Amino acid sequence: MIRVSVVGAQGRMGASVVQAVEAAQDMQIAQKITENDDIAAVTADNTDVAVEFTVPSAALDNVLKLIAQGVSVVVGTTGWTDEKLDRVKAALADAPHQGQAVFIAPNFAISAVLADKFAAEAAKYFTSAEVIELHHPNKVDAPSGTAIHTAHAIAAARREAGCAQMPDATQGEVASRGQSVDGVHVHAVRLQGLNAHEEVLLGNAGEQLVIRADSFDRASFMPGVLLAVRNVASGEHPGLTVGLDTFLDL
Ligand code: NAP
């Protein structure tokens with residue numbers, strides 16, 4: 001049995017993770033940590049993997065403490081910067097146990113990870129590519145981290161293939177053209193009734209390919225979280241890993 005502690009256990013994602021772990025045949029809940037609990041209760045003696053879903057302002061501190069307590073971590077909380085990732089890497093280099101791992105996924109939904117991958121594969125075959133992300137109106141950031149990631153993946157694939165710049169006769173900076181991320185335009189829609197959705201539009205003269213991922217419910221993230229827990233618990237991925245694609249054999 002993999003012993004899983006959940007940090008942020010009373011949050012929307014944390015509560016779903018507790019349910020998913022309890023329903024999994026090969027896992028059991030070790031500790032449930034809320035904002036009022038001491039994270040020091042999560043130790044290598046009681047926990048194989050901690051799952052962290054809290055708030056961006058707390059996540060780095062939580063992860064550093066868990067590393068120091070000898071625990072490997074799966075992280076879903078957003079807001080990671082290169083500087084924060086460097087601090088995680090440095091802490092892992094001094095981790096008390098060999099093979100300790102931290103895994104961070106900007107998006108645990110299999111559909112979103114595959115959409116990213118397919119968009120990057122398709123990008124070099126098209127003259128134009130744009131990303132539209134659509135979310136519920138309570139989302140605080142725009143464009144979404146996932147859309148930014150998709151745009152970077154498209155841009156990198158096009159650079160590698162030596163693609164020409166995308167045609168666009170728009171003069172100057174025009175807000176309605178969205179945000180240019182690495183040269184790829186990203187548009188953000190906030191609409192009541194939506195959850196988390198992303199479309200990649202790829203265009204050639206006379207044809208279009210649309211890749212769309214829809215996450216209707218938090219349940220969509222749970223298979224990815226459990227996959228990450230199993231991979232981290234296996235001890236085969238020591239150090240810092242970012243992105244669920246690593247575990248999907250793509
Ligand atoms: P949420 O419902 O607001 O839950 C966050 C929880 O963390 C709250 O219960 C909060 O407690 C608790 N918390 C805050 N600081 C803490 C601390 N220091 N220690 C322990 N618990 C603490 O948010 P959510 O919807 O679950 O989302 C959580 C994070 O996951 C966000 O960053 C979100 O963007 C991200 N997310 C990622 C994915 C993905 O696929 N990677 C998917 C969905 C969401 P209080 O309410 O008492 O403050």
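Placed from the backbone N, Cα and C atoms, the Cβ positions cover glycine too.
TrEMBL: automatically predicted annotations, no manual curation.
Listed features, source TrEMBL:
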- His135: active site, proton donor/acceptor (ACT_SITE)
- Lys139: active site, proton donor (ACT_SITE)
- Gly8, Ala9, Gln10, Gly11, Arg12, Met13, Gly76, Thr77, Thr78, Ala105, Pro106, Asn107, Phe108: NAD(+) binding site (BINDING)
- His136, Gly145, Thr146: (S)-2,3,4,5-tetrahydrodipicolinate binding site (BINDING)
- 2-108: domain 'Dihydrodipicolinate reductase N-terminal' (DOMAIN)
- 113-247: domain 'Dihydrodipicolinate reductase C-terminal' (DOMAIN)
Exercise. For Thr146 ((S)-2,3,4,5-tetrahydrodipicolinate binding site) and the residue listed as 'active site, proton donor', determine the Cα separation and express it in whole Å.
Key: 13
Quiz item: Where the record says Gly8, Ala9, Gln10, Gly11, Arg12, Met13, Gly76, Thr77, Thr78, Ala105, Pro106, Asn107, Phe108 bind NAD(+), what is the longest distance in Å from one Cα to another among those residues?
Solution: 20
Exercise. Determine the most Cβ-crowded residue among the binding-site residues Pro106, Gly145, using a 10 Å radius around each Cβ and all protein chains in the structure.
Key: Pro106
Quiz item: Can you name the residues of this chain that are 6 or more positions from Arg12 (NAD(+) binding site) yet have a C-beta less than 8 Å from its C-beta?
Solution: Arg218
Self-check item: Densest Cβ neighbourhood among Gln10, Thr78, Thr146 (binding-site residues), 10 Å radius
Solution: Thr146
Quiz item: Given His135 (active site, proton donor/acceptor) and Gly8 (NAD(+) binding site), what distance in Å do their CA atoms have, once rounded to a whole number?
Solution: 23
Practice problem: Show, in sequence order, which residues other than His136, Gly145, Thr146 on the same chain lie with their Cβ within 8 Å of the centre of the Cβ atoms of the (S)-2,3,4,5-tetrahydrodipicolinate site. | Solution: Thr78, Asn107, Glu133, His135, Lys139, Asp141, Ser144, Ala147, Ala196, Glu198
Quiz item: Would you say which of the recorded positions His135, His136, Lys139 has the most Cβ atoms within 10 Å of its own Cβ?
Solution: His135
Exercise. Rounded to the nearest Å, what's the C-alpha distance separating Gly145 ((S)-2,3,4,5-tetrahydrodipicolinate binding site) and Gly8 (NAD(+) binding site)? Just drop the number here, would you?
Key: 21
Exercise. Looking only at C-alpha atoms, tell me how far Gln10 (NAD(+) binding site) is from His136 ((S)-2,3,4,5-tetrahydrodipicolinate binding site), rounded to the nearest Å.
Key: 21
Practice problem: Could you check what DSSP calls the residue listed as 'active site, proton donor/acceptor' once collapsed to helix, strand or coil? | Solution: strand
